[in-house]
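Structure record follows, encoded as structure tokens.
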Amino acid sequence: MEISVVGLSALVLLLLLFLKVPVFVSVLAGSLIYFINTPSVPPQIIAQRVIAGIESIPLLAIPFFVAAGVFMNYSGVSKRVMQFAEAITGHMSGGLAQVNVLLSALMGGLSGSNLADAAMQSKMLVPEMVKKGYSNEFSSVVTATSAMVTPLIPPGIAMILYGSIANVSIGRLFIAGIGPGVLLTISLMMLVSFLSKRRGYKPVREKMIAGNELTKAIGVAVLPLMLPVIIIGGIRLGIFTPTEAGSVAIVYALMLGVVYREMNLRDFLKGLKETITSTASIMIIVGAASAFAWILTRERVPQTITEFIVSNVDNKYLFLMMVNVFLIAVGMFIEGNAAMIVLVPLLAPVAAAYGIHEIHFAMVFIFNMAIGALSPPMGTLMFVTCGITRCRISDFIREAVPFYILLLTCLMLLTFFPIFSLGLVNLIY
Amino acid sequence: SSPAPAAPAGGESAGGAEAPAAAPVVIQIGYENHPGEPVDLAVNEWARLLEERSGGNMKMEVFPSSQLGSKNDIIDQMLAGSSVITLADGAFYADRGVPDFGIVFGPYLFPTWDDAWRLIESDWYAEQSGLLEEQGLKILSSNWKYGDRHTLTKNPVRTVSDLQGMKIRVPNNTIQIKGFEVLGAAPTPMALGEVYTSLQQGTIDGLENPLPVLYNGKFHEVAKYLTLDGHVRNFTTWITGTQFFNTLTAEQQQWLMETGNEAGFFNNELADEATEETLQLFIDEGVEVIEVDIAEFAAAAEVFYSLPEFTSIWSEGLYETVKEAMQ
Amino acid sequence: MVKNKPLNYLLNLDLVLTGATFLVLVTITFAGVIMRYFVNRPLVWLEEVQLMCFVWIVFFGAGAAFRTGSHVAIDMVVDRFPQQLRKITEILIYIAVIIVLCYFMVQGWSLVQQMGQTNRLTNIFKIPYTLIYAAFPIGCVLMIINYSIATYTQVFKPMIFGKEGDA
Ligand code: NA
Ligand code: NA
């Protein structure tokens, strides 16, 4: 009986979602249906679950990096970084799109939040890309898909969580993430290059920049280029946490705004306003999604489906395939870390019983969750990016098709060739 | 040993005749520990015992890894009338309107575990439990050993002076913050999810918890010194809301509480085994285990009990009262 | 949208408040880094104040996000509807959103009342949770107001006065 209530909730959610009701309201409406039909749960808990989904220190990275992106635009930092990036990558097809991908890999080295990464780059890179002739939807899709790299490159919250739930070495998981992270980065760059050629995003110069010109390009961007140095250095030296790094980035961007004299009080206030509205629209989806995830967990929906899979599959490869399909579906409805808490204890022992290496399975799991964040109906990464770049969801999805195919290909490689996950770990340990 | 049932159980609704064989009472039990930890195994045992004892009349759904929400969230849920149970301890009850309860989380309060077990059977404890019930929270079982809390650090701690200025991650409550401050450390509240990387990079120097929690978080991969300082003997309790508890029949209430205590004994055996096993795992994985002079630490911590932060909210002579109650 | 200046300030009060809160958030976080690393005295109250600021920013800002059109919606189905059906759908969407937000406002308010009755406070500064959670029902009210204004100007006004009425 409870299951039918959950089914109705999900139905209402999907119906409203596709009827142009704001995403967070659709999700809240789904939860509302559950709460009015479940008298054993006091209804004010629904409000608690939405707030609880937001009250988390690691999530502070989102407003911080949104603001960092915003203020880098107004202070003239983005412009200089992009000039430099264009000078360096100008000989490549779709140079700025490549920069977008590479920057996510770099960001991955300091934060574990794909949402923060996507939010910052949507603010900072996409407008510059559009100015240089890239389409908004292409820029948005590149930003959102490349943000998937961040949780794979250490450090990542997902790995820490996985390690502590499934009793796997977090240090080894960190190392294991590098392989899939690099695989994804390189294949994304290849795809971007291929698509850019077809779209006619031509190189702006013939050869790679060198000599005097290079020195000049670095000179223009030297202060902005110090930012990643300061942030990565600060984290590695233990001065601040990855979350706090966002506030350091804001302070640095504001300082440069003063140095370059490009940002006035009006810009500052405008930036503040953009930060607030973007943060609120992202976080309220996160909060609503976490309330809905709570309902699914409480009614043991993912648990029940898992038990069904486990008791009906008796082949290692079939099991992995079923897990892939199931996890992508789960990832569409439940935020990755919340899903992990529920499903890892159920699936990891079964995987071990099939003789699947624990680290290999962890990578497959984490990669699946990352894909879910990108796919409709509830892919948070997609909504965050589109919310900021104002890209229409329909345009985004159409543009994303080749990227989805690439991601699924990477997933298959990762699933059936453990070497991608285990190669580096075996080399080091 | 079980806590003395302080208040006459379930006034209003329990008075009625034996309930007809209706749908079973379903209770959700939520806690932070991950599957496989002693607490989790013992909770599953509790669920099994309860279903068996009640002849299927009561069912317990188990939610590990904070799946139902944080401890404070679950406490708010039970205060709203939800049929939930969670694990909490004195530090939380101090924040929920029973300030004296906080003392059971003070450093080096219990010389031995038996002192703790005597305290939970004392009149003082029954009185505190009664005060908690007035706040809407009913303690179901108190005989659960959560474990001795020890300290894991990046640099060795052999004496109290080694702790000087060390940034030790503690849970975000005054009792645990002050408990480390009096030892000279710089207590640093931080979300547990951020601790691993913060330790790795040296943003903080260490953390404290019972051994199984320290081990499961894999913190020893990045902090190699384990000091067995046992600063808190952490017994823990299970609570539910009085609002829900009072909807149960007297019989159901009794089933729930007695199976809880039975599962508690089961837990304590597992916890002792787990402590030994975990200690061996730490050694096997290259952690230096440091035995310290507990008396030195306890002496340094004694000033905790006369800090104005606490004496101003505690009943007068609380420390002496509690010491006496555990005789 | 609104030409009246004082009214404009009033309508942007939420942004003024959240903007100031955000500056506080960045400042205390930065100060926390300095106090922990350079002074070796970590701010023990940091976490609870950060979270309070965060909750305020999100819920007070969520109304403003309707004004700037920052809330995402999936448009691919409705935009293919014939004109007449689209108009009806947009009215129904409006009603549905208002119902949902009203429900959450009421439940948020009960949660705030519960915090008041049980007198729940933060650990260090003893800030009442009523103050923190009040952001939720107030945010719902702000969303209802802002969503109504936005829907009126973008959907109903052109529907009544034709597209030119928008100028
Ligand atoms: Na990362
Ligand atoms: Na990117």
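Cβ coordinates come from backbone N, Cα and C, glycine included.
Now, the feature entries from TrEMBL:
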TRANSMEM  A:6-36  transmembrane segment
DOMAIN    A:12-418  domain 'TRAP C4-dicarboxylate transport system permease DctM subunit'
TRANSMEM  A:57-77  transmembrane segment
TRANSMEM  A:141-162  transmembrane segment
TRANSMEM  A:174-196  transmembrane segment
TRANSMEM  A:217-239  transmembrane segment
TRANSMEM  A:245-263  transmembrane segment
TRANSMEM  A:275-297  transmembrane segment
TRANSMEM  A:317-334  transmembrane segment
TRANSMEM  A:339-356  transmembrane segment
TRANSMEM  A:362-389  transmembrane segment
TRANSMEM  A:401-428  transmembrane segment
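Beyond the ends of the transmembrane segment (A:245-263), by six or more residues, the same chain brings 60-61, 63-65, 67-68, 71-72, 74-77, 110-111, 116, 223-224, 227, 230-231, 234-235, 271 to within a C-beta distance below 8 angstroms of the stretch.
Between the transmembrane segment (A:6-36) and the transmembrane segment (A:362-389) there are at least 3 Cβ pairs closer than 8 Å, counting only pairs 6 or more residues apart in sequence, which means the two stretches are in contact.
In this chain, the transmembrane segment (A:174-196) lies close to the transmembrane segment (A:141-162): three or more C-beta pairs between them fall below 8 angstroms, excluding pairs fewer than 6 positions apart. Contact between the transmembrane segment (A:141-162) and the transmembrane segment (A:275-297) does not hold: fewer than three of their C-beta pairs are under 8 Å, each pair 6 or more apart in sequence. On the 0 to 100 pLDDT scale, the domain 'TRAP C4-dicarboxylate transport system permease DctM subunit' (A:12-418) averages 87 in this prediction. Within the chain, the transmembrane segment (A:275-297) has long-range Cβ neighbours (under 8 A, six or more residues past its boundaries) at 6, 9, 13, 23-25, 27-28, 30-31, 34, 46, 49-54, 59, 62-63, 66-67, 70, 115, 119, 123, 303, 333-335, 338-339, 342, 378, 380, 383-384, 387-388.
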